[in-house]
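So that you can see what the record holds, here are the features copied from Swiss-Prot:
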ACT_SITE  Ser102  active site, phosphoserine intermediate
BINDING   Ser102, Asp242, Asp244, Asp246  Mg(2+) binding site
MOD_RES   Ser102  phosphoserine
Amino acid sequence: MVKYFGTDGVRGIANKELTPELAFKLGRYGGYVLAHNEGADRPKVLVGRDTRVSGEMLESALISGLASIGAEVMRLGVISTPGVAYLTREMGAELGVMISASHNPVADNGIKFFGADGFKLSDAQEEEIETLLDQDNPDLPRPVGTDIVHFSDYFEGAQKYLSYLKSTIDVNLEGLKITLDGANGSTSALAPFLFGDLEADTETIGCSPDGYNINDNCGSTHPELLAEKVLETESDFGLAFDGDGDRLIAVDEKGNIIDGDQIMFVIGQEMHKNQELNNDMIVSTVMSNLGFYKALENEGIKSNKTKVGDRYVVEEMRKGNYNLGGEQSGHIVMMDYNTTGDGLLTGVQLAAVIKMSGKPLSELAAQMKKYPQSLINVKVTDKHHVEDNEDVKKVMDEVETEMNGEGRILVRPSGTEPLVRVMVEASTDEDAQRFAQRIADEVQSKMGLE
């Protein structure tokens, strides 16, 4: 069976790999699987997209596929991924679909599904859709005549979502100056409206999408321009979102970049103080900084590690009934409010902590001392056997001994590329780079491409 779904839906180069034909089939078969699972003859489906030029093309094809199975489709227009997840749940829809490739370049696009509960589909549901995709025109229902349903626009859904986000905090943000970077994506209009409505003084960059400039040297994967703007405008802090608004990276008043680990620590510390952190636990991935775990330990907060990927964080949170988790990359899940990483929600919560504490972000984040980190990608012939390679393990053991507990090693295969990622954290930049290079050289020697 062909594997269409990755860790975050179906992605590819728009009109080449992710074609309108495939989008039609995903709509038709995805609509059928979810309608069948929910016991709905005429499922309600919400469809949102980011600002990519290919979004409208794929949206039209997807909606046609959904309509062909008898779905009642409501178009949300440009909205964030977590906005789709929230509205799917809130409006009692059987299915939510987001058309976006998140932080990827403009040429890419993707389609991800949310079930009626607002969570991404299970592996079993994705496999059911893939089975239908592999069949040649499977025999599925085809409504005709009056059984075909109109689709409608529900662009006011974005406002409903923003009103909800505003209700998650008890303070306004008057007196705070915040610079916002919308990555020329889904949050370009949403973020300025939300933070302005909360009475913050806002400056913006990356909030002028033209269909082609999404994530182009802006947003959470390029926070350097935001750092410059924060200093230039003397803002209290800056918030950078990614193309579909499910990530957040911050910048403090001194221009320092504050990553997902630090944001989770600041918010988690406040939740713990207020006895709002379920089981005194934060869920993170193996990529979180060693300094993150040490800072949590100092605060009496427990941690739980998962594989890289926000879906694994969410799985662990649901299993243990935890309400805060996320990734260093800025996917932060606050389960009390939403079912997926939500950059706007995280930004609002972080801003509320800053406002209520009366402390600058630099001071709040400084309680977590980050260990210098070095990451090297090595192209290999077979990424899946790196953990079994005795020579690589021997060098890793030697480095562990030399670090004497003041560092961490992570060697893992990439989830999407023919790469092995070597990550080392150590007490100094020099040590982190030296140790990472030593391990990477061994991986290259034993497993690398000629």
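Using the three backbone atoms N, Cα and C, a Cβ is placed for every residue, glycine included.
What you see is a predicted model, and the numbers here were worked out from it, not measured in a lab.
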- Message: Return only the integer: C-alpha distance in Å from Asp244 (Mg(2+) binding site) to the residue listed as 'active site, phosphoserine intermediate'.
- Response: 5
- Task: Show, in sequence order, which residues other than Ser102, Asp242, Asp244, Asp246 on the same chain lie with their Cβ within 8 Å of the centre of the Cβ atoms of the Mg(2+) site.
- Result: Asp50, Ser80, Thr81, Ser100, His103, Gly185, Ser186, Phe241, Gly243, Gly245, Arg247, Gly341, Gly343
- Message: Return the count of C-beta atoms lying within 10 angstroms of the C-beta of Asp244 (Mg(2+) binding site), excluding that atom itself.
- Response: 35
- Query: If one measures from the C-alpha of Asp242 (Mg(2+) binding site) to the C-alpha of Ser102 (active site, phosphoserine intermediate), what distance in angstrom results, rounded to a whole number?
  - Reply: 6
- Mapped onto three states, the DSSP assignment of Asp244 (Mg(2+) binding site) reads coil
- Query: Within the chain of Asp246 (Mg(2+) binding site), which residues six or more apart in sequence place their C-beta under 8 angstroms from its C-beta?
  - Reply: Ser80, Thr81, Pro82, Ser102, Asp310, His331, Thr340, Gly341, Asp342, Gly343
- Query: Including all protein chains displayed, how many Cβ atoms other than that of Ser102 (active site, phosphoserine intermediate) lie within 10 Å of its Cβ?
  - Reply: 29
